[in-house]
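S.K.: Before we start, here is the structure in question, set down as structure tokens.
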Amino acid sequence: MRTLWIVAMCLIGVEGNLFQFARLIDAKQEAFSFFKYISYGCYCGWGGQGTPKDATDRCCFVHDCCYARVKGCNPKLVEYSYGYRTGKIVCENYNRCKRAVCECDRVAAICLGQNVNTYNKGYMFLSSYYCRQKSEQC
């Protein structure tokens, strides 16, 4: 399974906190849940456009919007500190950028965990053809 993880990270191009985001997702679901979201709907994975397909995809849309708000912080590259207190993910950074990016990832991981029942395998590796609509505003 470790080899699969390494291969997947190479294929999608690991950047700074992507591994951290994956661990937060796994903390709110079962191990290796992150793989389900590598290319899902119109927003889970790299980039995004169109209308989110379901609540799961909307979590990724909101995450993209959150990253857009902290753009000056290089959200895909910044590494942050986090921990767990009474079963909850807690961002442990005093640096504004690190804390903001951690919060984006924390909220998205919680959202994905709360909406796992909306996950539709039919939206995995969805063609961009189905995401051609004008994107919603953040």
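Backbone N, Cα and C atoms are what each Cβ position is placed from, and that goes for glycine too.
I grabbed these lines from Swiss-Prot:
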SIGNAL    1-16  signal peptide
DISULFID  C42-C131  disulfide bond
BINDING   Y43, G45, G47, D64  Ca(2+) binding site
DISULFID  C44-C60  disulfide bond
DISULFID  C59-C111  disulfide bond
ACT_SITE  H63  active site
DISULFID  C65-C138  disulfide bond
DISULFID  C66-C104  disulfide bond
DISULFID  C73-C97  disulfide bond
DISULFID  C91-C102  disulfide bond
ACT_SITE  D105  active site
S.K.: What is the nearest of the disulfide-bonded residues C91, C102, C138 to Y43 (Ca(2+) binding site), using the Cα of each?
M.R.: C138
S.K.: Using C-alpha atoms only, work out the spacing between C65 (disulfide bond) and G47 (Ca(2+) binding site) and round it to an integer in Å.
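M.R.: The Cα atom of C65 (disulfide bond) is 11 Å away from the Cα atom of G47 (Ca(2+) binding site).
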S.K.: Would you list, in sequence order, the disulfide-bonded residues among C42, C73, C91, C97, C131 whose CA lies within 10 Å of the CA of H63 (active site)?
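M.R.: So the list reads none.
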S.K.: Could you say whether, by DSSP, C44 (disulfide bond) belongs to a helix, a strand or a coil region?
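M.R.: Reduced to three states, the DSSP call for C44 (disulfide bond) is strand.
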S.K.: In whole Å, how far is C66 (disulfide bond) from D105 (active site) when you measure between their Cα atoms?
M.R.: 9
S.K.: With Cβ-Cβ distance below 8 Å and at least 6 positions apart along the chain, what are the contacts of C42 (disulfide bond)? List them in sequence order.
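M.R.: Correct list: G48, Q49, G50, T51, P52, K53, D57, F61, L126, Y130, C131.
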S.K.: Taking the mean position of the Cβ atoms of Y43, G45, G47, D64 as the Ca(2+) site, which residues outside that list, in the same chain, have a Cβ no more than 8 Å away, listed in sequence order?
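M.R.: In sequence order, the nearby non-listed residues are C42, C44, W46, G48, Q49, C60, F61.
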S.K.: Relative to the Cβ position of C131 (disulfide bond), how many further Cβ atoms are located within 10 Å?
M.R.: 19
S.K.: Given G45 (Ca(2+) binding site) and C97 (disulfide bond), what distance in Å do their CA atoms have, once rounded to a whole number?
M.R.: 22
S.K.: Cα within 10 Å of C66 (disulfide bond) is the criterion; apply it to the recorded positions C44, G47, C73, C97, C138 and give the hits in sequence order.
M.R.: C138
S.K.: Quick check on the disulfide-bonded residues: of C65, C73, C102, whose CB has the lowest count of neighbouring CB atoms inside 10 Å?
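M.R.: If we count Cβ atoms within 10 Å for the disulfide-bonded residues C65, C73, C102, the smallest count is at C65.
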S.K.: How big is the Cα-to-Cα gap, in Å, between G47 (Ca(2+) binding site) and C91 (disulfide bond)?
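M.R.: Distance between the two Cα atoms comes out at 25 Å.
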S.K.: Sequence order is fine: just name those recorded positions in C44, D64, C73, C91, C97 with a Cα within 10 angstroms of C138 (disulfide bond).
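M.R.: Close recorded positions: D64.
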